[in-house]
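Chemist: Sharing a structure, written as C-alpha cells. Questions coming.
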Amino acid sequence: MKNKIFLIGMPGCGKSTIGEIIAKELMLKFIDMDICIEEKTSKTISELFEQGEDYFRDIESETCKEIIKYDNVVIATGGGVVKKDINIETLKNNGLVIFIDRPVEKIISDIDVSRRPLLKNGKERIIGLYKERYDIYKKACHKIVVNGSTIDEVVGEIKKIIINN
C-alpha cells in the first residue's frame, strides 16, 4: 500500500468528504490542502484569490512541496492543483494520485458556489472549468474513480485501489 494518497478532481467532486472517510477507515492521517493553505496564510482561499490567481497558485505549489513530507496520509488537493505541471510531477512522484471523476451535472446540483472563488459565476463557469481541466486530471493521475453513485461505493472502490498498490 502506498503511504501517500493524493485525491484530485473538480471542486465539488467529493475529495474532502471521501478523503476523510478513507483516512479514518484505513487509519491514516487526513489533510485538506485548502485548509493547510488557509492555516499557513491566516487567510481564506477567497481572500487569497483576491490577490490574483497566480498568487494563490504559487502558495498552492509551495504547499504541495510541504505536504509530501507526510507519510501514511490521504490528501485532498485543491481543484486547480493540476494547473501547474510542477505540482502534477510532485504528486505523481511522491504517492498514488487518484482522480475522482464526478459528472458535472452532479457537481452543479450539490456545490455551494459561495465558498468556491472560481465558481462564483455559477453553472457556466463550472462547465467551463470541467472542459478545461478534464484531460489534465486524466493525465495527472495514476487511477480514475467515477463518483456517480453512493459515497460508500466510491470509498470502497478507492480503498481497493489503495490496498492493491
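Note: Cβ is positioned from N, Cα and C throughout, glycine not excepted.
Pulled the feature table from Swiss-Prot, pasting it below:
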BINDING   Gly12, Cys13, Gly14, Lys15, Ser16, Thr17, Arg116  ATP binding site
BINDING   Ser16  Mg(2+) binding site
BINDING   Asp34, Arg57, Gly79, Arg133  substrate binding site
Chemist: Fewest other Cβ atoms within 10 Å: which of the binding-site residues Ser16, Thr17 wins that one? Let me know.
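Modeler: Least crowded of the binding-site residues Ser16, Thr17, by Cβ count within 10 Å, is Thr17.
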Chemist: Could you tell me the C-alpha distance between Ser16 (ATP binding site) and Arg133 (substrate binding site) in angstrom, no decimals?
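Modeler: Spelling it out, the Cα of Ser16 (ATP binding site) and the Cα of Arg133 (substrate binding site) are 19 Å apart.
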Chemist: Going by Cα-Cα distance, which of the binding-site residues (Asp34, Arg57, Gly79, Arg133) sits nearest to Gly14 (ATP binding site)?
Modeler: Gly79
Chemist: Quick check for you: of the binding-site residues Asp34, Arg57, Arg133, which have their Cα within 10 Å of the Cα of Lys15 (ATP binding site)?
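Modeler: Correct set: empty; none qualify.
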Chemist: Report, as a single number, how many Cβ atoms besides its own are within 10 Å of the Cβ of Cys13 (ATP binding site).
Modeler: 29
Chemist: Can you tell me the CA-to-CA distance separating Gly12 (ATP binding site) and Gly79 (substrate binding site), as a whole number of Å?
Modeler: 9
Chemist: Where the distance is taken from Cα to Cα, which of the binding-site residues Arg57, Gly79, Arg133 turns out closest to Cys13 (ATP binding site)?
Modeler: Gly79
Chemist: Between the Cα atoms of Arg57 (substrate binding site) and Thr17 (ATP binding site), find the distance and write it as a whole number of Å.
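Modeler: Rounded to the nearest whole number, the Cα-Cα distance is 23 Å.
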Chemist: Do me a favour and check the Cα-Cα span between Asp34 (substrate binding site) and Thr17 (ATP binding site); whole Å is fine.
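Modeler: Cα of Asp34 (substrate binding site) to Cα of Thr17 (ATP binding site) measures 13 Å after rounding.
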Chemist: Work out how many Å separate Gly79 (substrate binding site) and Thr17 (ATP binding site) at their Cα atoms, rounded off.
Modeler: 14
Chemist: Within 10 angstroms of the C-beta of Gly79 (substrate binding site), what count of other C-beta atoms is obtained when all protein chains are considered?
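Modeler: Result for Gly79 (substrate binding site): 22 neighbouring Cβ atoms inside 10 Å.
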